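Sequence annotations record features per position, and here Swiss-Prot assigns Zn(2+) binding site to 16, 18, 36, 39 based on sequence analysis.
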């Protein structure tokens, strides 16, 4: 491999909009995210299960079947 052409991989701190901070490895100096595992609905258990239905359900609803 060639020397001095690869970016420096270092430990950085990730800042979430909810206020949570954690460390990870990256070539960037700082990372800011809007959603992390502490505030995402899937990981917190607050997700909503929305079922829209398919084409058949829309057809039946439209024509009163």
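Cβ coordinates are placed from backbone N, Cα and C, and glycine is handled just like the others.
Around the Cβ of residue 36 (Zn(2+) binding site), a 10 Å sphere holds 17 further Cβ atoms from the protein chains shown. For the recorded site, residue 36 (Zn(2+) binding site), the DSSP three-state label reads coil. A 10 Å cutoff on Cβ-Cβ distances gives residue 39 (Zn(2+) binding site) a total of 16 other Cβ atoms nearby, all chains included.
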